[in-house]
Amino acid sequence: MSLTDSQAIYVSRLGRGTLGLSVVVVAILAGICIGETPIPVATVLRTLANRIFGAAYAVDPIEMGIVWNYRLPRAIVAACCGSGLAICGMVLQSLFRNALADPYLLGISAGASTGAVAVTVAGLGAGVVSMSVGAFVGAVAAFLFVAALARAAGGGVTLQGTGQIVLAGIAGSQLFNALTSFVVTKSANAEQARAVMFWLLGSLSGARWPDVWLAVPIAVIGLFACIWYARALDAFAFGAESASSLGISVKRVQVVLIGLTALVTAVMVSIVGSIGFVGLVIPHAARFLVGVRHGRLGPTVALIGAAFLIAADVISRTVIPGQVLPIGVITALVGAPAFALILLRGRRRP
Amino acid sequence: MTSSRLPFAAASLAALTTVAAAEPTLYPLTLENCGETLTFEKAPASTVAVGQAATEVLYSLGLADSVAGTSVWFNEILPEFRDINDRVERLADNDPSFESVVAKKPELVSVQFLWHVGPDGIVATRTQFHDVGIPTYVLPADCEKKDNTVGVDGTRSELFSTEAIHQGVRELARIFDIRDRGEQLVASLTERERKAVAAASALKLEDVSAVFWFSSAEMDIDPYVAGSKGAPAYMMDKLGIANVVESDEEWPVVGWETIARANPTLIVVARMDRRRFPADDHERKLEFLRTDPVTSQMDAVKNNRIVVMDAHAMDATIRTVAGIEVLSKALEDFGLAKK
């Protein structure tokens, strides 16, 4: 490889990075400008100037609050959740060599539901523990159950072993889903459990600044871990045995990455509920765009995931005037046809 | 059923109003109820109530001795019925099983919500009850001008009216052959409503708007608020208040952004015994309104125009009239009269 070639690669990588980041910034700006109620772009920009640069434009306090305290944290949390979930899906798809793997494979979504329901319906935690904390605890408990079961069943480095993990995940999900139904059914209160269901489909409406400070570091950790382990993930594509023969400490990488994806997913689920589809489909879409090498794939997945979830959130807020749809509905409604298109186009490639 | 067994309610109601004695019910009695035709050969000797509102209507009609069991409880029984209620078996706090209802061998099942006995009934379908010879009566407030197949809590095609509550009272009174008592109860409810509405219209309100906040799944998340056609909408309509929510659903989820921008004159928050969500506690609702950076800027919050109302007054029940009274009083207390 000549010097100019490597320079060209460097420049184009920088260019791609800049392009990707600007896509996310534009998406966040769109997320702030478009909402349930129309707020002029000038008001949005004045608010940002006031809050970031200490300018003193006269802005209606309610509009300023909506832009700064509702819409901006919401867009940032959406970006973090989108990228975090998409990265987790990508990592698990690679580790298990399973195109259908998604972040909820390890029972995390089912566990989060159980935890949320235990707090809200069964009243565990006596009103002190919030639904988010319950969801996080439930998610971690479900993951530990699945991990322990997989380990006891001999899951691990072999191809058969990864099969055990997937099966343990199915068993864990079923168990925790059953627990959720049990708690809901025997609840002592006659109100329907629909509020819980709404939350389980995902909602970003509760995102505020404290959520941002939780979501951003977790998303960054997820992204860096996948860049750090990019070579190992590439090797896993050829199977755990091949990865091992390439000198990769298969067991350690598996434990670290599975643990990290569980953590990232559990945190995201506890902030916004189980938003489906992003973790399953975004990695595939990104592979069509930039190929299967994880050094490039990881950041692409993160960027697309971020932009996609912000866009889905904007749509969920605007499609029915004055009312907000669960975002999980939008991710599937918009995502499924988009993915079908990608699939069909990918087929025509030589 | 004789009135001598049930002396308690009639006296106080009769003091409020005088009603001409109504005709006794002629059996067999046939009536249309939520899409089914019911025929009664005689007044039912016993009934099981599915839904707290049904229980309270039966108690208000002085039928407590006929109630063989209650179920689907949302909060405490009205204080005046506490002693009576203690003597009646509670089949279930929540949805009763089909068999537990049938085991009481009731001659009528009185139902508050159609979703308990509708085509996808959680307890059983009406047909299942009718197959074992037990008629079901569903309070018309939940099915008149309301499509229960649309929306989570159903969607009303027209603005709810307390007429539907009165209709339920009258029909139950006919079924049990106590039409006098039914008319007295309706007269007393109507009179209370009339007074509250008259007091509000004397204020000559202009541009007064409101939002009813029931609860929220999480403290910060989009809240459940009253739609444009349910019982709260009726209260607002009667008292000359505009609802800032436009959805036809009973309790739609609407974002704080939309509510804050609409900036209603007053906010009504629900008080309830339920503690499923942090926001079920009305104190937490008040705290949120006062501390959230956006809602704290709303006129209603800055001027402390927040009304606390019993959640059950916000449902289509005989308690609705109490909600109208509370709201009417608040309008006066807040000094919203046109000067």
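Yeah, the Cβs are placed from backbone N, Cα and C, and that goes for glycine too.
For A:20-45 (among others), the entry in TrEMBL reads transmembrane segment.
Taking Cβ pairs closer than 8 Å, the transmembrane segment (A:72-92) reaches residues 24, 27-28, 31-32, 98, 101-103, 105-106, 204-205, 207-209, 211-212, 215-216, 218-219, 222-223, 226, 233, 257-258, 260-261, 264-265, 267-268, 271-272, 275, 278-280, 282-283, 286, 294, 297-298, 301-310, 312-313 in its own chain, all 6 or more past its ends. Annotation source TrEMBL lists transmembrane segment at A:72-92 (among others).
The transmembrane segment annotation in TrEMBL covers A:104-126 (among others).
Residues 106-120, 124-125, 164-165, 167-169, 171-173, 175-176, 258, 262, 265-267, 269-270, 273 of the same chain sit 6 or more residues outside the transmembrane segment (A:133-153) yet have a Cβ under 8 Å from a Cβ within it. Positions annotated as transmembrane segment by TrEMBL: A:133-153 (among others).
Positions annotated as transmembrane segment by TrEMBL: A:165-184 (among others). Long-range Cβ contacts of the transmembrane segment (A:165-184) within its own chain (Cβ-Cβ under 8 Å, at least 6 residues beyond either end) map to 96, 98, 101, 104-107, 109-111, 113-114, 117-118, 121-122, 138, 142-143, 145-147, 149-150, 153, 155, 193, 196, 258.
Sequence annotations record features per position, and here TrEMBL assigns transmembrane segment to A:212-230 (among others).
The annotation transmembrane segment is assigned in TrEMBL to A:255-282 (among others).
Here TrEMBL flags A:294-312 (among others) as transmembrane segment. Within the chain, the transmembrane segment (A:294-312) has long-range Cβ neighbours (under 8 A, six or more residues past its boundaries) at 17, 20-21, 23-24, 27-28, 30-31, 75, 78-87, 89-90, 94, 219, 222-223, 226-227, 229-231, 233-234, 275, 278, 282-283, 285-287, 327, 330-331, 334-335.
The annotation transmembrane segment is assigned in TrEMBL to A:324-344 (among others).
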